[in-house]
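To start, the structure under review is shown below, and the notes come after it.
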Amino acid sequence: MGSPVASAANAVGTRVTRNTASMLAARVIMAVSGLVSVPVIYQHLGAQEFGIWVVLAGLLAMAALIDLGLGSALVREVARAESTADRDLVRRLLGLGLGWAVLLGLLTIGAIGVCWPWLAGLLRLGELADEAWQATLWLIVGLVAGAVELPWRAVLEGTQRYGSLAAITAGTAILTAALSILVVRLGGGLVALAASAATTATIRTLLLASATRRQCPDLSPRWGRLGLGDVRRIGGYGLRVQVSSGAGMVNVELDRLVLGGAFGPAVAGGFDLGSRLLNLLRLPPGFALIVLFPAAVARTAARGAGWLDQFYLTTTRYLALFLAPATAALMVSADPLVRLWLGHQVPWAAANIVVLAPAYALNLITGAATIVARAEGRPGLETRYVLLSVVLNLALTVPTLLLCGPLGVPLSTALAVVLSTGYFLAYFHSATTRPLAPLVRAVWPPVAAATAAGMVTAAAGRFLPDGPGRLDAALAVSTRTGLTLLVAGALLAAGGHLGANDRTRLHRLLRARASLLTSSAGGPR
């Protein structure tokens, strides 16, 4: 019979694995829904209107950053709440989040309304400006619904009730895709598409609020007086996190706006298609990091900060083992992957994947360091590198744009991400007195193996099957991806970097996902 400590550790590991699998499954459903709906939307709207849709969505995504990082701050507060007094304070903080959602909507509609004539000219909306304005109003409704959702989502994440969250997220993603396809097939344009998006956002918010009130009634938001110290604490933490998490969004959305303004919405739409495929690479590690954050906070509170060192190295190693080969496979199969998805070639989409994939992979590999910094209550460690990323992107955009044309926009983003991520790693290890050598030993084998595998596949590309049709594209993707992963795996195994423990962990993860799918009717975990 195992010790209580071992049993507790196994329970935590099982819960984290189950949570990761449930949210990953939900995110996969969201991605598949997008993969199904976007080609239909693109076909019916056309390149110009689809590009306008992309630019408007990017504009509203940047407006959403005004939430000041309350989401992460509230998740942290919920995860740390233990006593009745703590929970009462958390409820009032959640009420603050609801109030901020209303203010966010008012600020957004006021700012965009004042700037709209200038924005319409800058983004080259032309004769579609009036229709785009009506669509923007509907998108603002969806923005407010998403902001109102924030406190309810924070409760489910903070209490690690990811079963309900995953089910609601996946269900509304399917509904969004179905409504979008129905709307454009019936002849609807930008306005109808935006209205359908606002409708599903509202439905998702109502479902999350209902699930939270049912499962965590003692954590429902309520209005109440807050001390100035509490507001400063949550605002200071949230703002630092917002600067960190928002920089990546700013970089991506800024690319869309710059491309739309410099080359027109159609070019921006082409690059956006590549970004959507690129996001597939970010699904598993991105959601694993989201799920690991509240678990790391709770585990650190129980076992002390020393536990974080092993967590950091182990998590970073597995992120590298997944991301490095997957990135190489995505890069060598970018063009046939776009053709498989859309049915025809979109050069800007494939080029965007090749340019941005390595930078995003490097940034995600360092995600464990951000969790450690936040779990230790020091999100400010991220602030400098995030600001550096934005500043570098802004500084490099014009020169790379002049040198490389449209391709210079994502290139400036990639350079900014790589340089700022390297700075963050050095700064993080210096500030926390953690040596860099263990990190290098954990990361270099998968990176080297993936690089070699990608070069082998690229060199063999002219001998691999390909063709103009979707079936030929599917064959090209499968052979290029398979060869890359096979070579990378063989190199890692030959070097002794894939052991029995790795296979055991993978087997447990697959079993957990299978168990999740077969027992989903049992309610939230």
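Cβ coordinates come from backbone N, Cα and C, glycine included.
A quick note: this is a predicted structure, and the numbers were derived from the prediction, not measured.
Per TrEMBL, these features apply:
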TRANSMEM  24-44  transmembrane segment
TRANSMEM  50-75  transmembrane segment
TRANSMEM  96-120  transmembrane segment
TRANSMEM  132-150  transmembrane segment
TRANSMEM  162-184  transmembrane segment
TRANSMEM  190-209  transmembrane segment
TRANSMEM  318-342  transmembrane segment
TRANSMEM  348-373  transmembrane segment
TRANSMEM  385-403  transmembrane segment
TRANSMEM  409-430  transmembrane segment
TRANSMEM  442-461  transmembrane segment
TRANSMEM  481-500  transmembrane segment
Quick one: do the transmembrane segment (442-461) and the transmembrane segment (190-209) have at least 3 Cβ pairs under 8 Å, skipping pairs fewer than 6 apart in sequence?
no
Which residues of the chain, 6 or more past the ends of the transmembrane segment (318-342), have a CB below 8 A from one of its CBs?
35, 39, 42, 273-274, 277-278, 280-281, 284-285, 288, 349-351, 353-354, 357-358, 360-361, 364-365, 367-368, 442-443, 446-447, 449-451, 453-454, 457-458, 461, 466, 468, 470, 472-474, 476-477, 480-481, 484-485, 488-489, 492, 498, 502, 505
In the same chain, who gets a Cβ under 8 Å from the transmembrane segment (190-209) while lying at least 6 residues past its ends?
41, 45, 49, 52-53, 56, 128, 131-132, 134-139, 141-142, 145-146, 148-149, 152-153, 156, 165, 168-169, 171-172, 175-176, 179-180, 182-184
